[in-house]
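Engineer: Have a look at the structure that comes next, please.
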Amino acid sequence: MATKFPSFSQGLAQDPTTRRIWYGIATAHDFESHDGMTEERLYQKLFSTHFGHLAIIGLWVSGNLFHIAWQGNFEQWVADPLHVRPIAHAIWDPHFGQGAIDAFTQAGASSPVNIAFSGLYHWWYTIGMRTNAELYQGSIFMMILSAWALFAGWLHLQPKFRPSLAWFKNAESRLNHHLAVLFGFSSIAWTGHLVHVAIPEARGQHVGWDNFLNVLPHPAGLGPFFTGNWGVYAENPDSLNQAFGSADGAGTAILTFLGGFHPQSEALWLTDIAHHHLAIGCIFVIAGHMYRTNFGIGHSIKEILETHNPPKGTPGDLGAGHKGLYDTINNSLHFQLGLALASLGVVTSLVAQHMYSMPSYAFIAKDYTTQAALYTHHQYIAIALMCGAFAHGAIFFIRDYDPEANKDNVLARMLEHKEAIISHLSWVSLFLGFHTLGLYVHNDVVVSFGTPEKQILVEPVFAQFVQAASGKAMYGMDVLLSNASSSASLAAQNIPGDHYWLDAINGNTDVFLPIGPGDFLVHHAIALGLHTTTLILVKGALDARGSKLMPDKKDFGYSFPCDGPGRGGTCDISAWDAFYLAVFWALNTVGWVTFYWHWKHLAIWSGNVAQFNESSTYLMGWFRDYLWLNSSQLINGYNPFGSNNLAVWAWMFLFGHLVWATGFMFLISWRGYWQELIETIVWAHQRSPIANMMGWRDKPVALSIVQARVVGLAHFSVGYVLTYAAFLIASTSGKFG
């Protein structure tokens, strides 16, 4: 008889109930819990999965390149990026009648197509790609890279090529390699591409495989580099009237420090970007030589941590500092993953911010729907990564934390004074929540009674001060860069060459948008969401080992549900339920963030900033003038007269609501409910002649509480994302194309 799924757990494989299937799926990637798993085997399996992950990413990129080259309009778009709408791919749908075919035959295509809101056209154009042939070449290259990555993953699972546990635990060597080679070397390589290919293309000089060896990226060649006269590479930048992609007004500089934006493409200067990557690359290459490995020189991370102790003789014992942390982190994959996810989460949110405020891709600032989609996309990814960071922090405390090895160090002391941390986060959340909601509701009441002048409107003076210090003149605050005679301004004037930062911050760009009372309120609403999410995540991790109500929680494992007051209130210390609740709050918060970004920009793009400024100070303004007003076009995708090209978003909007609402059925429930439900369904099936023709291999049993809630959370999250994605894209593209 064939072995039952899952092969990695004999205990589960022999389970006679449907628990076998669901727990098998749930623990498929929890390698630590698999039968016969050793620490070395665990590291080897994870190492190989990295190559599989790279292969999937490569395949995805390859597919994008291939479909745009085959079914897109890249070459037509390149000829006129401001007026041609980029095509993502063709649509073939057997349900389409003539009306739908006509509605989706757009952007100069001869058959139904989807419009691209990914920014890929802008990216490829900026980095020097101009033809479909180049896209095909890129696609084939990425496909080969994916195949190579898959082979590498397979190879490192073979006995002769499996790295040892000592190799994985060599933190200094790994850090040097990641810093110098992966970050440093790749940044310098990217500078090379920008200087040798992208910048010449932006000046109308094609560089391809046929001529890249004999086209000098700079007229002076490598002479200035070897003589130390590097300033030559910054001389003669592109002029302010340069037409992007042509020699008209082009300069010869390759590494500049101009600041601001190219006036026509409204993106950062490519020569500034090249300079940035070169500097970053050099810093990382230096950083990659800092840690002691084979030659006995450089720092030992363990020594650095052991040396970081609080001063002796300080009033109150400050503990053992960072002693024991090196081994704790180096021996815990969950701790390392938590740190990596938190770092990546912050960086992803920063990418969302920078992609719109300081766009690096030519003409993307004028593709409003793409800007909205990319901002929203990156903020949603950021919250998922941040929640994951704390989830693995909780698992670390349950599976990997050793109280003896961390006695009285900073980690142990975090656990010891967790009540202070949690209660501080709690009062901050309560303060922000009551005061922000109080202001909004007060304003709602006075507006609804016809006295809008009685609103409490608070100017964000501290934020305006920061903007003024950075050079924004409109607030009339003579401080730092807003004051021509300040030390900051004088220092800026002494930097040689032309600089355009002040033009950018005071011009019609997205750098430091003007802010007022509406921004002040929504800023504090977002702060409430962030602090509440953090409270739930931090409490979930710090209470994962146990709390006052259940000090031995760690002995019950990780899959411990919040099960009401029956056992003395286990909701207090279920890391699972803390994670679920935090995801709801994170989605809530990212909703406010993206609503704010989108509405403010809709007002700017349509030339009607007064609408945001006047309506954003009370809740009904948000519901009526942002959500309701902007969903009307979307819902009209289908109407009595047929359908238009918003129909797909209208359908997705409705379907997203359905998925979202389904989630609540799984959330408002308990285990007895699921057992009754499943037994009722089984009873009905057993009395139906067709369903009874097949044997029941597994006895159906109820979902556990933790499982039922994750099903609810999955529906809530997916529905939430689908609904807002449809709303965002349809409401923006319906207005601006």
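Our numbering is plain: 1 for the first residue shown, then up by one each step along the chain.
Keep in mind that glycine also has a Cβ here, set from the backbone N, Cα and C atoms.
Straight from Swiss-Prot, here's the annotation block:
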TRANSMEM  46-69  transmembrane segment
TRANSMEM  135-158  transmembrane segment
TRANSMEM  175-199  transmembrane segment
TRANSMEM  273-291  transmembrane segment
TRANSMEM  333-356  transmembrane segment
TRANSMEM  372-398  transmembrane segment
TRANSMEM  420-442  transmembrane segment
TRANSMEM  520-538  transmembrane segment
BINDING   Cys562, Cys571  [4Fe-4S] cluster binding site
TRANSMEM  578-599  transmembrane segment
TRANSMEM  646-668  transmembrane segment
BINDING   His657  chlorophyll a B1 binding site
BINDING   Met665, Tyr673  chlorophyll a B3 binding site
BINDING   Trp674  phylloquinone binding site
TRANSMEM  710-730  transmembrane segment
Engineer: What count of other C-beta atoms do you get within 10 angstroms of the C-beta of Trp674 (phylloquinone binding site), across all chains shown?
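Structural biologist: The answer is 18.
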Engineer: The residue listed as 'phylloquinone binding site' to the residue listed as 'chlorophyll a B1 binding site': how many Å between their Cα atoms?
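Structural biologist: On Cα coordinates alone, these residues lie 24 Å apart.
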Engineer: Can you give me the Cα-Cα distance between Tyr673 (chlorophyll a B3 binding site) and His657 (chlorophyll a B1 binding site) in Å, rounded to a whole number?
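Structural biologist: Cα to Cα, Tyr673 (chlorophyll a B3 binding site) and His657 (chlorophyll a B1 binding site) are separated by 25 Å.
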Engineer: Return only the integer: C-alpha distance in Å from the residue listed as 'chlorophyll a B1 binding site' to Met665 (chlorophyll a B3 binding site).
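Structural biologist: Just about 14 Å between their Cα atoms.
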Engineer: I want to check the contact list for Met665 (chlorophyll a B3 binding site): same chain, sequence separation of six or more, C-beta distance under 8 angstroms. What comes out?
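Structural biologist: Those within reach of Met665 (chlorophyll a B3 binding site), by Cβ under 8 Å and sequence separation of 6 or more, are Gly712.
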Engineer: Are there residues at least six beyond either end of the transmembrane segment (372-398) with Cβ under 8 Å to its Cβ atoms? List them, or say none.
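Structural biologist: The answer is 117-119, 332, 334-335, 337-339, 341-342, 344-346, 348-349, 351-352, 355-356, 415, 533, 537-538, 540-542, 544-545, 554, 557-558, 575, 578-579, 582-583, 586-587, 589-590, 593-594, 597-598, 601, 721, 724-725, 728-729, 732.
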